[in-house]
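Taken straight from TrEMBL:
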- 71-193: domain 'Multidrug resistance protein MdtA-like barrel-sandwich hybrid' (DOMAIN)
- 203-276: domain 'CusB-like beta-barrel' (DOMAIN)
- 283-338: domain 'Multidrug resistance protein MdtA-like C-terminal permuted SH3' (DOMAIN)
């Protein structure tokens, strides 16, 4: 028995030695193993293009197409505010008035100055006739009279604008002044919106690229939070010709058909505008998008056999494809298979 066991060892030992030698011969250098571990095998896919007339989606608030933003021309203390928010008013109705004490005094002061200038002019004219005054003195008196008459006109004009009067029939939608408050010239006072029906609009802000795609008459669908089950028809009625200096956005006005529903200024909603102009998008497989969040995401591209992460702006999904609106202008291929394992600058091995 002992002899048999020794014979088995004798035959097995050379075989094991061969395996060890074979394994040693196949073992790669450590540097090569590390290099293989940092190279990621990926598949590339071509970036295609497609033209789409994608709706422009924005949000805004309902307002009357005729809206009067009223204020005092001059500064002063508010004496009376005769209306409240939500109150119906008529054209020509007095809404608010300033304390007239100082304003009336300025008018009287200007009137006295004009009267004195009139007397001075008459006196110099009589003296000129008696050769007791010169022509230059008469001209100076005439100039003083004209100046003081103009000052009186200005004082009376300001006196007439020390009150706010509604220029239209409508509703007070905003009251931004209170009795006893000091207001400066042109400070926001009272907003009155027209009471005419079917004159409702939604004012929205769009980017320069979306503005370029729009034109007067483009159709829109309006979804209001107040009427979640309703879709209101709209038409673009005006487009701003200059951007807001702060937001850099352009205002578009959409006239809305209320379809018998009760509207009010300030109703919030979203709108989809059907642009008459198509737009070209870069089209990539959905699996190429990583870290997608809303309308932003990233893709990897092959740059000299290294991964490069690029931010993109997502237009919308179309089946198994993603339409990219920004970010892939000069890119011909993106990584699809293997993109989830990549980091910036990692080496790539492209699989055919």
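Yeah, the Cβs are placed from backbone N, Cα and C, and that goes for glycine too.
Source: prediction; values computed, not measured.
For the domain 'Multidrug resistance protein MdtA-like barrel-sandwich hybrid' (71-193), the number of residues in each DSSP class (helix H, G, I; strand E, B; coil) is 55 helix, 28 strand, 40 coil. Averaged across the domain 'Multidrug resistance protein MdtA-like C-terminal permuted SH3' (283-338), pLDDT for the predicted model comes to 89.
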